[in-house]
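Asker: Would you mind keeping the following structure in view while I ask a few things?
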Amino acid sequence: MLESLARSCVRSRRLVVALWLVSVVALSVLAGAFAGPTSDDFTLPGSESTRAADLLADAGFEARSGYQAQVVLHRPDGVDDPAVRAAADDLAADITDQVPGAEVVSPFDPAGARQVSPDGTIAYLQVDLPQRTVEELAEVSDTMDALRADVDVPGLDVEIGGLVLDEDAAGGPPAEVIGVIAAALILFVAFGSLLAMALPLVVGVLGALCGVAAIELAAHVIDVPSFAGAAAGMIAIGVGIDYSLLLVTRYREALHDGLPVVDAVVLAQRTAGRSVLFAGVTVVIASLGLVFMGLTLITGVAIGIAAAVLVTMLAAVTLLPALL
């Protein structure tokens, strides 16, 4: 079966490549126009942390059941200064007014006496937030960052801390881009050929694009977290390169042994292709096994990874033979 598939892909290589390109473009366009909403539900039903958060909310401490942030004040000459106190009071008032549900404890309030460093050069405002979505937290981060930038006291540095509010702090290119560049360099060193380097990357990237687009469309049916596409994309690129390496290496060995191109492709498909199918199906089954954990967040990621790997596996045994 794999041998026949390989021969068909080689004979109709232009058609196979065209079908894959059309599929990638069509899925990408559909995903861009009709992508479903993401859902970042980090709660663990029945866990002790969830029960504790529910108890706090029921008792009227809703802000304590959500997220925390810190607005850090640093002044080498000391923060015990009227101008610094006034800036802290203004920040606390502005955050309370502009961030709904926020509770702010100033280091200059009796309740915040411990929020000043022993040497008196650093202090922080404690900000407690109720439960919010990722999009709402991003808005809170932007609001607090704008308020921080408005502080103008000579010698005073103001920064925002807290795990959630630091999500937007990381800059630079996406991790997927860095991963592809690193893989390209490694493949070029290993093969010493731009063509041999490009083939695994093409399969991995095209498979990842199709898989991610499918995930975005599937978000209409299942709960998909916002990071599912990135996770599935990176894994799809990784397995795509891995599976392609198996086939390309076996193909090059067959050419070195004197086989013609078509026979070399068929031999690679008959040997390494079986390994690709076995490995791909194993990853898909293992990923889908996470669905039975019963966690909404993990379910979306698991299905996304399984879909991306499945598409990439199909690309390795159909698109790659057409490109060889």
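First residue shown is number 1, and so on along the chain.
Using the three backbone atoms N, Cα and C, a Cβ is placed for every residue, glycine included.
Computed from a predicted structure; not experimentally measured.
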Asker: In TrEMBL, which of 16-35, 276-295 is tagged transmembrane segment?
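Answerer: Among 16-35, 276-295, the range TrEMBL annotates as transmembrane segment is 276-295.
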Asker: Going along the chain, which residues at least six beyond the ends of the transmembrane segment (177-196) come within the CB cut-off of under 8 Å?
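Answerer: Residues 204-205, 234, 237-238, 241, 245, 248, 252.
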Asker: Is the transmembrane segment (201-222) packed against any residues at least 6 beyond its ends, judged by a Cβ distance under 8 Å, and which are they?
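Answerer: Distant Cβ neighbours of the transmembrane segment (201-222) are 20, 23-24, 27-28, 30-31, 34-39, 176, 180, 183-184, 187, 228-229, 232-234, 236-241, 243-244, 299-300, 303-304, 307-316, 319-320, 323.
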